[in-house]
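Below is one structure, written out as structure tokens; comments come after it.
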Amino acid sequence: MLIRNATLPDGHQRDVRVRGESIVEVGRDLDASDQHVIEATGKRLFPGMIDAHVHFRQPGYPHKETWASGSRSAAAGGVTTVVDQPNTDPPTIDGESFDQKAEFAADSVVDWGINGGVTADWIPNVLLRRRLFALGEVFLADSTGDMGIEADLFADALEAATDNDVPVTVHAEDADYFNDDAKARDDADAWSAFRTAKAEAKAVERACAVAKEHDATIHIAHTSTPEGVDIASEAGMTTEVTPHHLLLSRRDLSELGTFGRMNPPLRREKRRQKLYERVVDGTVDMIATDHAPHTREEKDASIWDAPSGVPGVETVLPLLLAEARDPDSGLTYERVRDLTARNPADVFGLPQKGAIEAGKDADLVLVDTTETSEISGETLHSKRGWTPFEGRDAVFPEWTMVRGVVVYERGDALDADDSAAQEDVFYDHQGENVRGADSERLE
Ligand SMILES: NC(=O)N[C@@H](CC(=O)O)C(=O)O
Ligand SMILES: [Zn+2]
Ligand SMILES: [Zn+2]
């Protein structure tokens, strides 16, 4: 198949030849005689996003999301690899729970990884030999679920993972620095007042110190403060920022209410701007969504009782592309490519993914950045049907390809007389474990 004359993130027009699962040639005026040609003139082609941080909620909470619904939502947003976190039920802390989750992952239309988790009951010598993507998020404070662990267990886990060459990702908040005074309040902003920026900075500092003691590197999940980013990057560690911490702040909470509750929480506008600067200037390594769906009914509670987390896997790349359309944002298409594909592939060791180059997996996303559409929760494909980004401009993919197979095609633009129907098409496809097809059985 030949994708003709697409504009790559660096602005060059190129033909891209795909054969089987791979990109085999990138160049100009490539011979198209025996090929199925996809005309892409005037459109932009991106490497599929690698989202290192999603919660697809199976096993345990299929009413919130499933691998089938979450991965379709990912494909519809241009995400071609997802990595599921361990706070499921059962938590992914041993061989059996890993294998059980891998069964569910077979429903995924995009490629996937499964992270292992750490609790007092984890079984490292079996878990760490499964085809894990990474160990983490290791919760240094409780979030959704009660997987928060103590410092000595974190040190042991770090050592075990490092000995097995398994990357480690950390949820860095330190409950010792939470502000209990906020508990007297019941407005949505109280959650941000409670789980302070200082609690993140202190947890990042401690996690990096432990990593250095063990001559290990760690990746800080969902860094929400410029302080956290600076401490981690100065310690030689990697960081990710979520779309909600990049684009939303405490100013949005009066409107969002508990739909704006997540861990770590939204920060002040000033911090958001400084975080955005670090995303633009390359201090931040990648964007990851922390796609954490909960039902409207669950969110319909007080700020102290509602669950934490927001969906994001379908809107992340579209929102970043809309930012890159705006020359004043400072965010270029090349930087978007690095944040969503090149850097996650580098940081987590996926040499076969992350770039539009001969020899790489044909994970590709075609977009038309000459126009935007408004985000509407009810048209998204997650089970959730709500988004904290309602109404914002975005650039959604025309199609998404995973290892040479088109898994998603966006329906025609809205029919003239029908404001609702968009026949988006998903094609049968089974994603694969990016860490290899099977697990070593070592029980
Ligand atoms: N981020 C959240 O607020 N919630 C996540 C857990 C987590 O990432 O801490 C979830 O699984 O719901
Ligand atoms: Zn977390
Ligand atoms: Zn998470």
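Glycine is no exception: its Cβ is also placed from the backbone N, Cα and C atoms.
Under the heading domain 'Amidohydrolase-related', TrEMBL lists 45-375.
Annotation comment: TrEMBL describes His53, His55, Glu137, Asp290 as Zn(2+) 1 binding site. Within 10 Å of the Cβ of Glu137 (Zn(2+) 1 binding site) there are 27 other Cβ atoms, across all protein chains.
There are 27 other CB atoms within 10 A of the CB of Arg57 (substrate binding site), with all protein chains counted. According to TrEMBL, the substrate binding site annotation covers His55, Phe56, Arg57, Asn87, His294.
Of all the Cβ atoms in the protein chains shown, 26 others lie within 10 Å of the Cβ of His222 (Zn(2+) 2 binding site). Per TrEMBL, Zn(2+) 2 binding site is recorded for Glu137, His171, His222.
The active site annotation in TrEMBL covers Asp290. In this view, Asp290 (Zn(2+) 1 binding site) is surrounded by 32 other Cβ atoms within 10 Å of its Cβ, with every protein chain counted.
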Subject >> Listed in sequence order, residues not in His53, His55, Glu137, Asp290 with Cβ within 8 Å of the centre of the Zn(2+) 1 site Cβ atoms >> reply: Val54, Gln85, His171, Ala221, His222, Ala288, Thr289, His291, Ala292
Subject >> Asn87 (substrate binding site) and Asp290 (Zn(2+) 1 binding site), distance between Cα atoms, whole Å >> reply: 12
**OP:** Consider the binding-site residues Glu137, His171, His222 and say which one has the Cα lying nearest the Cα of Phe56 (substrate binding site).
**Re:** Glu137
**OP:** Based on Cα distances to His55 (Zn(2+) 1 binding site), point out the closest of the binding-site residues Asn87, His171, His222, His294.
**Re:** Asn87
Original post:
How many whole Å apart are the CA atoms of His171 (Zn(2+) 2 binding site) and His294 (substrate binding site)?
Top reply: 19
